[in-house]
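First up is the structure itself, then whatever we jot down about it.
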Amino acid sequence: MGSSAGSWRRLEDSEREETDSEPQAPRLDSRSVLWKNAVGFWILGLCNNFSYVVMLSAAHDILKQEQASGNQSHAVLLADILPTLVIKLLAPLGLHLLPYSPRVLVSGVCSAGSFVLVAFSQSVGLSLCGVVLASISSGLGEVTFLSLTAFYPSAVISWWSSGTGGAGLLGSLSYLGLTQAGLSPQHTLLSMLGIPVLLLASYFLLLTSPEPLDPGGENEAETAARQPLIGTETPESKPGASWDLSLQERWTVFKGLLWYIIPLVLVYFAEYFINQGLFELLFFRNTSLSHAQQYRWYQMLYQAGVFASRSSLQCCRIRFTWVLALLQCLNLALLLADVCLNFLPSIYLIFIIILYEGLLGGAAYVNTFHNIALETSDKHREFAMEAACISDTLGISLSGVLALPLHDFLCHLP
């Protein structure tokens, strides 16, 4: 009997060991998949905004070489903003009719086309067409990839946001570095045609196919927080689920999103009012930096702040993004007052404020979309991400309407 009992116990122990060991391989596979998707979304964010940043810098160089007027410089800003604004306005209404893969292809082709057009441009018109293509690529890509995050663990939003933040910093530095090294703007642009190729490779070769969300890809706090505060919960969702939403459902979800959309609009309004209307007027004579060098430092510090805060979701999460909107509006008021009254004594104070401005803007972006991902149902999440994409572009557009005339007015003050 002892021998028999011992053999049964050994058999049970053996079966238990086999049972315990079975889930181990899938967990390793799951971890590998999570990392592939995280890296994939980071590269997609980098490439989506990298082309836009580099190409826009080059377009300004070409306009300068062609001695473009101030009105033509304003035309660059319009060509930069309007196509993205139109795409994001129409996206919640009909973009879902086009599957994801064709959208990504169009985005990649437009990105490559913008490089080629601006590189070989011999006129202001062709340069503006390049800006338009870059704007289409960036706007379509942002709507597409953010809505695609609805079918992956919410952590990919942090990676996507970090990639877009890195694009602003790396894009401007790489263009500046290559041109300073002696490459012409044309050759610099042509050398970056690999960026759209990398974007397409990341989407088609690196990302795994979307599957129903698995709570194992999130930590316990995220799983508990993923409650359908906007919309009703459904068992699972798949790409294209928003096709079935009625106009009434879309309107109901959109009204629920206003709690997040309005603060992000205000953040970007104040942020780009500062960038477009005040940066060039924040000039200090008691420093060794020239006016152009001061402006470049402002841009670099701003981009560094955006990159840092868009990469900070794992360290700091903010539920009430309206606080960020209030702080950014206070930033705008402070810098506008300084332009008029010149009461800040040192450029280093301005450096700190502009770095802080970038931190607020990046934090507002990543936390807004992370909160939306947690608080929408599976059925509505894809549509919600598409609809919320309008926030930053709407804020930038509104700021441009007011900041450019104010800039011209302030320039003519005695």
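Here the Cβ of each residue, glycine as well, is placed from N, Cα and C on the backbone.
As recorded in TrEMBL:
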- 1-26: region 'Disordered' (REGION)
- 39-63: transmembrane segment (TRANSMEM)
- 75-98: transmembrane segment (TRANSMEM)
- 104-121: transmembrane segment (TRANSMEM)
- 157-176: transmembrane segment (TRANSMEM)
- 188-206: transmembrane segment (TRANSMEM)
- 215-237: region 'Disordered' (REGION)
- 257-274: transmembrane segment (TRANSMEM)
- 320-337: transmembrane segment (TRANSMEM)
- 343-366: transmembrane segment (TRANSMEM)
The transmembrane segment (104-121) vs the transmembrane segment (257-274): three or more C-beta pairs under 8 Å (separation of 6 or more)? no
Surrounding residues of the transmembrane segment (188-206) on its own chain - C-beta under 8 Å, 6+ positions past either end: 36, 39-40, 43-44, 47-48, 50-51, 54-55, 58, 101, 104-105, 107-109, 111-112, 115-116, 118-119, 137, 141, 174-175, 178-179
Determine which recorded stretch among 75-98, 257-274, 320-337, 343-366 has the most C-beta pairs below 8 angstroms with the transmembrane segment (39-63). 75-98
Would you confirm whether the transmembrane segment (343-366) and the transmembrane segment (257-274) meet the contact rule of 3 or more C-beta pairs below 8 angstroms, pairs 6 or more apart in sequence? yes
